[in-house]
Amino acid sequence: MAAATLLRATPRFSGLCASPTPFLQGRLRPLKAPASPFLCRGLAVEAKKTYVRDKPHVNVGTIGHVDHGKTTLTAAITKILAEGGGAKFKKYEEIDNAPEERARGITINAAHVEYSTAARHYAHTDCPGHADYVKNMITGTAPLDGCILVVAANDGPMPQTREHLLLAKQIGVEHVVVYVNKADAVQDSEMVELVELEIRELLTEFGYKGEETPVIVGSALCALEQRDPELGVKSVQKLLDAVDTYIPVPTRDLDKPFLLPVESVYSIPGRGTVVTGTLERGILKKGDECELLGHNKNIRTVVTGIEMFHKSLERAEAGDNLGALVRGLKREDLRRGLVMVKPGSIQPHQKVEAQVYILSKEEGGRHKPFVSHFMPVMFSLTWDMACRVILPPGKELAMPGEDLKLSLILRQPMILEKGQRFTLRDGNKTIGTGLVTDVPAMTEEDKNIKWS
């Protein structure tokens with residue numbers, strides 16, 4: 001299990017699975033979903049405000065089981081901070097703003113809000129919670145510097161609570177703060193204590209410091225409706241204090257060439273095409289030349305504008321959730337999963353050597369071993385791609401719970417480099433987590449692999 005421990009303890013590759021970004025959230029026309037003309041109104045002009053970098057910037061997000069109150073808590077945070085000028089109040093309906101979310105009553109696409117405490121500036125992602133949307137969970141959690149795990153006091157930990165914690169740990173989220181929500185719906189204080197105990201045991205099981213993790217009990221709905229201050233407003237204030245103190249400000253990699261995994265592509269009438277994502281490393285400046293690589297594309301363009309939370313920037317730094325206006329490209333030229341990089345700084349690869357931990361049955365992985373040429377889907381940065389797994393010479397079976405060195409050949413070349421983390425999934429199961437150790441050239445035998 002040494003390699004498994006290494007994989008789980010290694011600081012994450014900063015580029016794994018970037019999440020949706022807040023660039024003009026809810027007003028643009030995304031690549032695959034039409035927006036009404038009304039939503040795009042007023043975007044033909046430059047942003048009037050300039051983003052001021054006067055506090056440390058930290059990316060956090062809510063995770064947890066469906067209907068445990070993640071979006072309600074996010075709304076409550078903005079309401080409380082808005083009273084002191086640290087946020088713009090976002091109603092539940094505004095956060096839960098995609099048509100499919102409203103229609104089905106569950107959060108499908110991750111939404112973003114911005115707020116500031118006295119100590120920090122936060123970009124907050126409201127992550128999806130339904131089992132069918134774990135794919136979004138994978139691509140929506142990795143850039144987070146920490147998570148707020150929401151657990152309903154009247155339910156306790158549920159299946160997606162476990163799965164979200166497992167995925168968060170696999171993709172490198174090392175710090176979690178817990179909010180036990182809906183405490184107003186539970187009359188028995190002993191039940192709340194049991195839920196807290198169960199959560200701490202679960203955190204420890206997944207490699208977190210369960211005994212040290214802050215656990216705050218409250219009710220996000222009470223905070224929103226300004227009822228029962230102890231369970232409502234004060235509990236959310238305690239949560240924000242815990243996030244400020246327990247989740248550290250990460251060290252940003254500003255010295256390397258910039259790398260921006262593309263999360264979404266939008267078209268703004270009168271201005272052009274915007275790509276959004278989290279800048280994983282380096283500094284991106286207005287006027288920079290860039291390449292967009294992956295999915296058999298190699299597109300060169302120039303960044304003509306940068307914005308974050310409706311505010312313009314002359315330069316963006318690693319960790320920023322941003323939108324970049326690109327010159328001379330149409331929306332249909334681009335897609336999610338491409339990576340914007342400094343020209344010549346990195347190339348796509350189709351084959352990697354990697355140290356991979358295969359999840360056991362108890363961890364939610366496969367029940368049975370697999371053989372060479374097994375074809376799972378690899379998730380890294382914002383892309384996912386089918387791949388063939390090649391076992392080491394003399395190895396016939398890869399067993400659940402095993403850690404081993406594997407070769408993986410992708411269906412198409414994608415951005416991969418040494419130290420990059422990835423997740424392997426088969427159907428609706430996460431089956432493995434890995435770390436790239438080398439990027440060798442393709443052999444003739446590799447090129448002849450069949451994909452049908």
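Each residue, glycine too, has its Cβ placed from N, Cα and C.
Checking Swiss-Prot for region 'G4' across the ranges 153-156, 169-172, 181-184, 353-356 points to 181-184. Between Lys90, Lys351, Lys361, Lys395, the residue that has N6-acetyllysine written against it in Swiss-Prot is Lys361. Of the listed residues (Lys286, Lys429, Lys447), Swiss-Prot tags Lys286 with N6-succinyllysine; the rest carry no such note in the record, though that does not show they lack it. Summarising model confidence by region, the region 'G3' (126-129) averages a pLDDT of 63.
Here Thr71 (Mg(2+) binding site) is positioned 36 angstrom away from Lys418 (N6-acetyllysine), judged by their C-alpha atoms. Residue counts for the region 'G4' (181-184) under DSSP, helix first, then strand, then coil, are 2 helix, 1 strand, 1 coil.
Within 10 Å of the C-beta of Lys79 (N6-acetyllysine) we count 21 further C-beta atoms, all protein chains included. When secondary structure is read from DSSP and collapsed to three states, Asp67 (GTP binding site) falls in the coil class.
The closest partner of Lys361 (N6-acetyllysine) among the recorded positions, by CA position, is Thr72; the full candidate set was Thr72, Lys79, Lys286.
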